[in-house]
C-alpha cells in the first residue's frame, strides 16, 4: 500500500513555499557575507534535471498502469460475455438460473469501479459468486441433455473469466516503491530550496513562489491520482463495457 498519497500533496505545497523562503534568506546571508559557491549553478541544474526525470518517470509509469487497468476491464467484460454465450451448450432448463447468476456477477464486477467502499464490498462477494457459477455450470455441463462440447468450451471459458479477476486485483495493487515517492517529495522540496536560493531580489516574489509550488504540486497530485483510479478526479472509464454487456444479457 502507498505510504504517500495525493492527500499529502497540500503538505508538499506548503513545504515547498517554506523551502523557497528559506532558500531566499540563505541567499541574502550569502550575499551579506560576500561568499560565493563555485559551480553552484551546475549543481542546481543537476538537481532540477534529476527531479524532472523522476517526475516524468513516475507520471509515465502511472499512465502505463492506468492504460493497463482499462484494457483489463474490457478484457474481463469480453471473457464474461464469452462464457455467457456458451451457456447455450447447457440443458435448456438449467440456463435461466445460470443466466441470472451471470447477470448478478456482471453487475457485481461493475461495482468494483465505483469507489473504494463499493469496490471492496464487491470484491469480497466476487469469490462466493464465482464458486456458485463454477459449481452450477459444472453440474449442468455433465447432465443429460447438455451439448457434448460443454465441458470443453464452457468450463475453460468460466475459468478464464475467474482468472481475469485475480489479474485485475494484482494489477491494481502494483504501485511504485514507497521510496520512489519519498524521493519525489524530497527532490521537490530540494528544488524549491534551490529556486529560492536563486532569487536575488530584496523582497520575496510570492507570485512566482506560489505558481512554482502550485504547478509542481498539481503535477504530483495528478500522478498520484492516476495511481489510484478507483476514486479521485481521474477514474477508470470501463463502466461502458459492463453497461453494454448487461444490455446484451437482458
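For all residues, glycine too, the Cβ spot is worked out from N, Cα and C.
Annotation comment: TrEMBL describes 42-62 (among others) as transmembrane segment. Outside the transmembrane segment (42-62), and at least 6 residues removed from its termini, the chain residues within Cβ reach (under 8 Å) are 176, 180-181, 183-184, 187-188, 190-191, 194, 197-198, 216, 219-220, 222-224, 226-227.
What TrEMBL records for 178-199 (among others) is transmembrane segment.
What TrEMBL lists as transmembrane segment is 205-224 (among others).
Below 8 angstroms of C-beta separation, residues 2, 4-6, 9-10, 12-13, 16-17, 20-21, 55, 58-59, 62, 181, 184-185, 188, 191-192, 195-196, 199, 233-234 of the same chain, each at least six residues beyond the ends of the transmembrane segment (205-224), sit close to that stretch. Long-range Cβ contacts of the transmembrane segment (178-199) within its own chain (Cβ-Cβ under 8 Å, at least 6 residues beyond either end) map to 2-4, 8, 12, 15-17, 19-27, 44, 47-48, 50-51, 54-55, 58, 205, 209, 212-213, 216-217, 220, 224.
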